[in-house]
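Trainee: Have a look at this one before I ask anything.
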Amino acid sequence: MQFSKMHGLGNDFMVVDAVTQNVYFSPELICRLANRHTGVGFDQLLVVEAPYDPELDFHYRIFNADGSEVAQCGNGARCFARFVRIKGLTNKREIKVSTQSGRMTLHVMDNEDVCVNMGEPEFEPQKVPFRAQKVEKTYIIRAMERTVLCGVVSMGNPHCVIQVEDIKTAEVESLGSVLEQHERFPERANIGFMQVVDRNTLHLRVFERGAGETQACGSGACAAVAVGISQGLLDRKVKVNLPGGSLSIEWKGTGNPLYMTGPAVHIYDGTIQL
């Protein structure tokens, strides 16, 4: 099986063309491939499939390193867009794809950065999903024998966003791992820790569902900005600084899609015996 290794701000991916190759990924195989000592090693596996709808270009599937399939990955979407162009699967700069959570439009810019239309943030608790009676800008969750204040939103996948004073000392591993599996998130959640620098800048670390802390999380950056804007902390265009680099996020508010722009890097191509 042929594959490419790519990364978006250090969030790394194994990308496979399932349009021209006949491949099947069991959870066991994915775990084996994800192993950084005995496999390829990655945060997520991205699979390019033929479209189910003639109006679209491709179907985009995402699997975590633990074998679970997820509906969204923003950094992966940027790599997906560059991969299909590098491999000659399309020469379009505007690429329309379906995912488990809906449709996305990916735009490859002249400098090879990719702008992704991530759709409109979803704050309705049942659609996140999150157990709550009604929409709130801030929720209170009990965890680790204390109360945690957070914003909750779906960007095609569930996110919990916590504001912190100092990103360096944020309890990403300890609190993140507890909240990821909290009973109020029936499908688990990605946990973001954001430090607001000013109205156009924030620092962010994310404990990703099924992957732990990663160098960057595109949908997590989108979620943090959506929550920050809804709470009145941020303006509509924000630079998000993650451990692996920076993303530009823009959202004009309710009724509008959110846009994420950032790099996607092709590292190498490989072949592996399955």
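Here the Cβ of each residue, glycine as well, is placed from N, Cα and C on the backbone.
Annotations for this protein, taken from Swiss-Prot, read as follows:
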BINDING   Asn11, Gln44, Asn64, Gly74, Asn75, Asn157, Asn190, Glu208, Arg209, Gly218, Ser219  substrate binding site
ACT_SITE  Cys73  active site, proton donor
ACT_SITE  Cys217  active site, proton acceptor
SITE      Tyr268  site 'Important for dimerization'
Trainee: What number of additional C-beta atoms lies within 10 angstroms of the C-beta atom of Tyr268 (site 'Important for dimerization')?
Mentor: 8
Trainee: Taking 10 A as the limit, how many CB atoms besides its own sit near the CB of Cys73 (active site, proton donor)?
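Mentor: Its Cβ has 31 other Cβ atoms within 10 Å.
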Trainee: Going by C-alpha distance, which of the recorded positions Cys73, Cys217, Tyr268 is nearest to Asn11 (substrate binding site)?
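Mentor: Result: the closest of the recorded positions to Asn11 (substrate binding site) is Cys217.
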Trainee: Since the record lists Asn11, Asn64, Asn75, Asn190, Ser219 as binding-site residues, which of them has the fewest other Cβ atoms within 10 Å of its Cβ?
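Mentor: Taking Asn11, Asn64, Asn75, Asn190, Ser219 as the binding-site residues, the minimal 10 Å Cβ count falls on Asn64.
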Trainee: How long is the line from the C-alpha of Asn75 (substrate binding site) to the C-alpha of the residue listed as 'active site, proton acceptor', rounded to the nearest angstrom?
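Mentor: Distance (Cα to Cα, whole Å): 6 Å.
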Trainee: Taking the Cβ of the residue listed as 'active site, proton acceptor' as the centre, how many other Cβ atoms fall within a 10 Å radius?
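Mentor: I get 35 for this one.
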Trainee: Whole-number Å only: compute the distance from the Cα of Tyr268 (site 'Important for dimerization') to the Cα of Cys73 (active site, proton donor).
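Mentor: Checking the Cα atoms of Tyr268 (site 'Important for dimerization') and Cys73 (active site, proton donor) gives a distance of 21 Å.
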Trainee: Whole-number Å distance between the CA of Cys73 (active site, proton donor) and the CA of Ser219 (substrate binding site)?
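Mentor: Their Cα atoms are separated by 6 Å.
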Trainee: Expressed to the nearest Å, what is the distance separating Cys217 (active site, proton acceptor) and Asn190 (substrate binding site) at their Cα atoms?
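Mentor: A Cα-Cα distance of 9 Å.
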Trainee: Other residues with Cβ within 8 Å of the Cβ centroid of Asn11, Gln44, Asn64, Gly74, Asn75, Asn157, Asn190, Glu208, Arg209, Gly218, Ser219 at the substrate site?
Mentor: Asp43, Ile62, Val70, Gln72, Cys73, Gly76, Val206, Ala211, Thr214, Cys217, Gly220
Trainee: Could you tally the C-beta atoms, other than its own, that fall within 10 angstroms of the C-beta of Arg209 (substrate binding site)?
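Mentor: I get 23 for this one.
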Trainee: For Asn75 (substrate binding site), name the DSSP secondary structure in the helix/strand/coil scheme.
Mentor: helix
